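Undergrad: The following block contains the structure, expressed as structure tokens.
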Amino acid sequence: MMVRAERSRWQAFGQGFVAHGFTMYPVLLLLVIVGAVVAPRFLSTINLINILEQVSVLGLTTIGLSFVVLIGRLDLSLEGIVGFAPMLAAVLMASASAGGYGVELPGWAGLLVALGSAGLIGFFNGFMVVRVGLNPFISTLGLLVLLRGSILIISNGRSIYSPGAALTYLGSAKIAGLPVSVLVFLAVAVLVGCIFQYHRYGRALYAIGRNEEAARAAGIDVDRVIWSAFVFAGLLAGLAGVLMTGRLDSAVTTQGEGIIFSAFAAAVIGGVSLGGGKGNIIGVVSGVLLIGVINNLLTLAQVPSFYVQASTGAVIIVAAVLTTLASRRSSGVKTRT
Amino acid sequence: MVVEPKAPIVEMRQITKTFGSTRALRGVDFTVLPGEIHALLGRNGAGKSTLVSCLSGIVAADSGRVRIGQADIIANGESYAAALRDEIAHVQQTPRLFDLLTVAENLFLENPAVRRRGWVSHRQMIARAAQVLETWGIEISPTALAGQLGAGTRQLLEIIKALNRGVPVMILDEPTAALSNAEKRVLFDHVRALKAQGVSFVYISHHLDEVFEIADTVTILRDGQTVTERAAVSSLDVETIADLMMGQKTQRSVREDFTDASAPPLLEARGLRLGKGTVDFQVRKGEIVALAGPVGSGKEDLAMILAGHKAPLGGRVFSPSGKLPVIGLVPTDRHASGYVGLLGVRENVTLGGLDLLSGGLGFIDRGREAAHVGDLARRTNVIAASLEQPVGQLSGGNQQKVVFARALCRDPQVIVALSPTRGVDVGAKEQLYGLLRDLAAKGMGVVVVSDEEDEISQLANRVVIVFEEEIVGELVGDYSMKDLILRMEGVA
Ligand SMILES: Nc1ncnc2c1ncn2[C@@H]1O[C@H](COP(=O)(O)OP(=O)(O)OP(=O)(O)O)[C@@H](O)[C@H]1O
Ligand SMILES: [Mg+2]
């Protein structure tokens, strides 16, 4: 009898652990230990901060992505936004000699342009999915390619250096030794985490992701929630782009390329279900950190750069297998839905 | 000459099944004879669906013995469904059609009759499907998508698919919950014809009158144990069965009238166009109105339009006081739109009243949520391991009660309920009726869509008969059961 009770308490703990998104943290801890052993520099404060700084762009993009993935949709164009939004701001801010249009908007207005255009692109995605009824895979794929091309058009194919302090502040400044970009990422993660868990908007997202018709019949304005999820995703990708431009102190034409794949990987590793309705920010953050730590370790361990990419891919697959197994085991009894 | 007693075709011995902390079956014996229609009864959560799932192998029993015909299984928690494939067909309580496949494809999925050397012949499949649909009197095209059909037709398709497999034992788990009276007649005719050929049926239903109409034998479960085993139907009556199921006396309540005729209507519809004709309708404070009529009459459309979940072809819905009242909806098909299976009871109920339970910034007030949902779950009599249990794991009747609680979550002034007690046991039904009357007494307007004469006459102060997308008649006040049946059959 005692043994049984004991076991079920452990089971309950395990289920809660997985359900709340903590699955990957032990793995992360293990990696950190391994890292400390193979590369002494790994555990230095500078390096740890460096990792956080590097993942904050990916982190914001992944959080944005999780809005739309939670409702069972996806948004590939986020990658395009990461590059396009800051580029648009940069060309409007930079002087003609620096490759801009010579409009020379003041810095804060540039920031507004970046986030505003990102939000508008998200709004357009929402319109295509909700009103026109397009499949988000195809509509956002189209937009991704379109945005990539537009970046080249508006910048005339040239990167813009030092676009202006107000635009680059978030991505480059430090407060008490901590990069502002890390603070932004953490603040957004906490805020969005609370919204997903405790806000009526979060409840609506999960309900729609799992049974859209039931959410509708319960009186939720499903179309509006879907539409707004695309806007939030766009805004966060825009913010990620601004951070990236700040860190590089330039708007680069190839900015953000490939980030959407890492974002999907981070989300899935973090326990977000691409089918919708499952996952949370604690998990998303673990996925993002895992990818960041792996990249960092491979570099520190002086793995030849050719191998870094392939190894990252392999590790992503292994991690995804782990999360899937964990969530399958912990859900125990199959539900009847 | 000695009549040899027939050997049972199904024998289940000492079946147990535990889900987490719920002991759904605690050593159940169950026997079915060839050519017998065996009614399996019990209140919501008694373990009926679990028992028949253990019988067909959809759920593997933890221990005990299952024998069907030649197949003999000692259960140990491992799946044994494959061993029983050719012995038994199971129509589950939750529909299992493929929405994106056509009717014909659904009917003949995995059916060798339409295969030639591994290839499926489409032409043959459609021809056969058309033929089957014809004998069942269903007027739909074999190439229609299953997802577009109404709940009744979907349920019939599911049954036809199972009956077509030509197995000796069939399980029907609440097959009539989504069927109209006419559809039910057709089903019973086919069941009787198969019985005559020696097919056995396990029949689960909460409509006790059906048991007397079609079953030979009755077994009653309560809390995972048998309380009556293999009683002859002729030895029982409805009251006895109800009392055995519930473990206590159930009183049949009668309707009461709280209509406030002096106040302006809560909700009014004028010149609504559902199809050809137009409809005028109103519901007053404290009034319980029933919409009745045959399948396809437009009564459900009318209800959905009143609830604001469907746009009419013309006309308008408004409130004389100006602002539209808060409306709660119990949709017809609970599996499609009633609940979110993976979310718990608490979160499902809260979905109905997110605005009411959240503060100024939109964050949910967890304390108020727990109290409000707890209260609603108690009043609607939801039985679950906890309020966090995923609704997909609840028994069918308890899922329906969750849908009911969700509709009440926002403290609605009007509730629109389509087949509100579908799958709910006799005792819980009375409790829900009592709840609706209480709310009406406090001034809520109630619109009920129902196919059951009993339900209507126990609840409705006014019955509106809908036929061919128009209102063709009305019964008000002191109508009798006979009036009601005449009027409902008059248009059927
Ligand atoms: N997959 C599951 N996980 C956890 N509990 C379950 C599961 N399936 C059934 N149960 C529980 O087992 C008990 C019996 O459920 P079952 O569905 O057999 O009831 P039922 O007699 O069919 O009721 P109803 O008349 O409402 O359909 C219920 O308490 C239910 O919550
Ligand atoms: Mg059941």
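Cβ from N, Cα, C; glycine included.
According to TrEMBL, the feature transmembrane segment maps to A:21-43, A:55-74, A:81-102, A:108-130, A:137-155, A:175-196, A:225-246, A:258-274, A:281-300, A:306-326.
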Undergrad: Which residues, given as numbers and ranges, are at least 6 beyond the ends of the transmembrane segment (A:175-196) yet have a Cβ under 8 Å from it?
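TA: Tertiary neighbours of the transmembrane segment (A:175-196) are 49, 52-53, 55-57, 59-60, 63, 70, 169, 202, 205-206, 236, 239, 243, 246-247, 280-282, 284-285.
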Undergrad: Hey, which of A:21-43, A:55-74, A:225-246, A:306-326 has the most Cβ-Cβ pairs under 8 Å against the transmembrane segment (A:108-130)?
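TA: So the stretch in question is A:225-246.
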Undergrad: Cβ under 8 Å, sequence separation of at least 6 from the ends of the transmembrane segment (A:281-300): give me the contacting residues as numbers and ranges.
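TA: Beyond its ends, the transmembrane segment (A:281-300) has Cβ neighbours at 20-25, 27-28, 31-32, 34-35, 38-39, 41-42, 47, 50-52, 54-55, 58-59, 62-63, 66, 189, 192-193, 196, 262, 265-272, 307-308, 311-312, 315-316, 319.
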Undergrad: Same chain, outside the transmembrane segment (A:81-102) by at least 6, Cβ under 8 Å from its Cβ: which residues?
TA: 57, 61, 109-111, 113-115, 117-118, 121-122, 147-148, 150-151, 154-156, 158-164, 167, 234, 237-238, 240-242, 244-245, 250-257, 259
Undergrad: Cβ pairs under 8 Å only, please: of the recorded stretches A:21-43, A:55-74, A:225-246, which one is richest in them relative to the transmembrane segment (A:258-274)?
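TA: By the under-8 Å Cβ criterion, the transmembrane segment (A:258-274) pairs most with A:55-74.
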Undergrad: Top stretch among A:21-43, A:137-155, A:225-246, A:306-326 for CB pairs under 8 A with the transmembrane segment (A:55-74)?
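TA: That would be A:225-246.
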Undergrad: In the same chain, which residue numbers or ranges, 6 or more beyond the ends of the transmembrane segment (A:225-246), come under 8 angstroms Cβ to Cβ?
TA: 56-61, 63-65, 67-68, 70-71, 73, 75, 77-79, 81-86, 89-90, 111, 114-115, 117-123, 125-127, 129-130, 163, 167-173, 181, 184-185, 188, 201, 204-205, 208, 252, 255-256, 259
Undergrad: Counting only residues 6+ away from its ends, which parts of the chain sit with a Cβ under 8 Å from the transmembrane segment (A:21-43)?
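TA: Residues 269-271, 279-284, 286-287, 289-290, 293-294, 296-297, 300-301, 319, 322-323, 326-327 contact the transmembrane segment (A:21-43) from elsewhere in the chain.
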